Amino acid sequence: MLRVIKPKTARSKRALDAREPKEVEDPRTVIFVKGTHTGEVVNGVFKDLMALKRPHAVAFNKKNVIHPFDSATNSSTTSSSAAGSSTSIASLEFWAAKNDASMFVVGQTTKKRPNGMTFVRMFDGRVLDMIEVGVENYKAMADFKTPKSTPGNKPLLHFASELFDTHPRFIHLKSMLIDFFNGEEVDSISLIGLEHVISISLGPTPSTLNDATSMSLLPSTYSADSVHANPLAAVASASFIANSLPPTAATSLAMASASLPKVHIRAYTTKLLSSGVRVPRVELVPMGPALDLVLRRAQAPDSDMLKLAMKRPKLKKTDVEKGLGKKRKNVEVDEMGDLRGRVHVGLQDLSKLKGRRMKGLQEERPGKKQRIEEDDGDDDMDDE
Amino acid sequence: MDVTSILDAQKAKQQNVTVEKETPLEIDAGHLMVSDLNPIDEESYNENLEEHLRALARDGTQALLAALFSLPTSKSADGPLAQLPPRTYQLPRQKALPKPKPPTKWERFAAAKGISHVKRDKKEWDEERQEWVNRWGKDGKNRRVEEQWLTEVKRNADPDHNPQLAARHERKERIAKNEKQHLANLARASGSSASGPSSRKAELEKSIATTRASTASMGKFDRKLDGEKKLRGVKRKFDPAERSVVDEQKSALKLIGSMDSDARKMRKAPRENEEGSVNARKAIRFASKGKGAASMAGGETRGKSSFAKGKKGGRR
């Protein structure tokens, strides 16, 4: 849809090359789009989130007719129309291509869903997954009369609740929020520059969730290790558009938005106090916006697209030496940091080994032995 | 020497910065992330939400800082830099993985010979002038001969020899050569469907075959030269003059059927016009006297009107 631009100047060519896929990617540029009705709360939230996300954020000034979830409901009703993707999804893809952005926050207020925000993530120019939340209890950054952190600093992230590891909807939310708040991918960081923390915690787990055994919602191949390697794999297999789920006794309880605990997002600036030891004691001063969110609809990623999105580049030699990658047999890094390998040679029969002849090492001949014995006897007599 | 008190004081300080939890906090230093997997304490949550959240965050941050400060550091101008370990938690990518580009001809040669790339600067030290000059660009050294107002010429030089033009010609040749090599690299990288020489050969054979059939008798009565391949073609088949009525009926009905069908070859009734009954094609043909719409545009197309695009060519 976007016309392919052929660069005519060196500068435009550089700009185009900057958009090419890279092995280590830049942070996601987020576009903040307002729907037809937003309201004070959503506007304020957008301003604050953009301040946290600067400079990798773009805000659209005008209001747009956009309903990211509409293809889900429309496709069931319009069977005759051959439209594969809804126009909202098409708009998102166009904006992503034009602005070279890969994440959206769409704000909309309706009577049924007041103060709604939808986080949308893109992969390869197409929509990967979406999460809709509703904002309750918002306190603006301007209302906290405290010093703020420098824009563009990489935040520390803190997630509190065991549900972030067990419940698929919260696993999905965790992944989305990390992607949102993450800054650049860096290999080293200045310890003095750790200025702010963004803390995301949940309300206490209601007992209904525990009874319904949230584990039953996850596929059987789930394990704690695999979570980190591919956290969304558990999410992709289930789908959470709450309206379209078949009502089964246990799952409908768990899926009903009302029973899911609320999400609290807080941002603090860190104050490092000197303790006696090397690690300083940290005190937190509330800085940024205070948001309380409630989960609404969500669209899980398509498993094929997810597989492509989670592909990693091949490990380089330096990383294997560091110890990553599949465990190579007979190779290890010893305490000195050197790479050591073992060479396996078969069993060697050293007796058969033919070396050089040295007179002193030769075995005594039988004749010689007797002579020594006699001498020993003489020696004894001498000592007396 | 009572060391125990000092040790106790040290331990107390250490306690200050350690965090004790039921389940130890999971720390992903690569993302600067800490995950607290303990269930939320309902009482403190209900009592004072903000304080509860702040305490939770403080504990988590403390644990994270402890981990970060224990990482190996390197010195830098702005202070100690902690070397972050590779990430454990994986996030989906934004764009697909870059496809590995095949090395260019030069890159293959350099890899084989062990030549490493030396980065050159735009400015070069010129001993004669004792100053830094551009290698290319404004007042660049590569254009020196073209731009200087005086060039020494040999005594026996041709009177028509223009050193400025000669230098310009050389530079343009170098550019063209570079472009050609670049295009060849691109073609090789994109993986052209057929390998170079064989695709060219196929092209040539195709054009030879077309030429041979382009005579008045469609190549049938032409003498075949030595070394030419036999032309493959469809032999025309003629039905016998007398056929049974049934066969004739069948073939006639088949013909009518194909006329009625949607097969492209038969042009049916004239195409329906949306507005009015103007046949645009016919109108253009009439107005341009068979030369086509392009010739009616005027201006630069005038020169080309002799090679007209109309059906009846330029002979009218």
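Any Cβ shown, glycine's included, is placed from N, Cα and C.
Note that TrEMBL annotation is computational and uncurated.
Per TrEMBL, compositional bias 'Low complexity' is recorded for B:187-199 (among others).
Look at TrEMBL and you will find B:208-217 tagged as compositional bias 'Polar residues'. Residues in the compositional bias 'Polar residues' (B:208-217) partition by DSSP class (helix H, G, I; strand E, B; coil) as 5 helix, 0 strand, 5 coil.
What TrEMBL lists as compositional bias 'Basic and acidic residues' is B:220-251 (among others). If one looks beyond the compositional bias 'Basic and acidic residues' (B:220-251) by at least 6 residues along the same chain, the residues whose Cβ comes under 8 Å of a Cβ in the stretch are 205, 208-209, 212-213.
The compositional bias 'Basic and acidic residues' annotation in TrEMBL covers B:261-274 (among others).
Summarising the annotation, TrEMBL assigns compositional bias 'Low complexity' to B:287-308 (among others).
Residues annotated as region 'Disordered' in TrEMBL: B:187-316.
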DSSP-derived helix, strand and coil totals, residue by residue, for the compositional bias 'Basic and acidic residues' (B:220-251): 7 helix, 0 strand, 25 coil
